[in-house]
Amino acid sequence: MKSLALLRSIRIRATQITGPLQSRSFQPDFVPADPKAKPIKYKLPQSYDPYGPRPPPSDKIIQLAEKIAALPPEERVQIGPILRERLRHPMMQSVSVEGVDLGSQGGAGAKAEEKVEKTVFDIKLEKFDAASKIKVIKEVRAFTSLGLKEAKDMVEKVPVVVKKGVTKEEANEIIEKIKAVGGVAVME
């Protein structure tokens, strides 16, 4: 009861200092938006320039553009690097598109994927003999550097990825060790 009275006194003092708590929905002049009203469509110019209209290019610039357009393609390619060097512009960094689907049609993309050879593998423990569970746990502990409890929990969650990002040689060695103690592991 005392706490309730305290809260009321704080609320009364707060309203005396700052005024009543305000909410737009309780104000008398508030009119809610009509849910059936269509949004207002504004007419925008076809091209918007935030800096305002630009003056037309000078005759000198137009003649230069015509000369560049008249050059053969081999010479046009050389203009960019020379201007970049003359004007001391920094080189633009190339953007990597590795792993990005650019909307290729199945045939070309599938052939490119076949040529790329995988270098990093994950090892997945598929199953093991119930009699050799302890040996498998010890082997998993050996190459994952986990504690006994963590290794036991991992082995009990079969099928599970036990090691990620290993080379093919390492993966083959680990699979052979697991196979020797009674487990079945595969490379992914």
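A Cβ is built for glycine as well, from the same backbone N, Cα and C atoms used for every other residue.
From a predicted model like this one, the values you see are computed outputs, not experimental measurements.
Taking H, G and I as helix, E and B as strand and the rest as coil, DSSP gives the domain 'Large ribosomal subunit protein bL12 C-terminal' (121-184) the counts 38 helix, 17 strand, 9 coil. The domain 'Large ribosomal subunit protein bL12 C-terminal' annotation in TrEMBL covers 121-184.
Confidence annotation: the domain 'Large ribosomal subunit protein bL12 C-terminal' (121-184) carries a mean pLDDT of 87 in the model.
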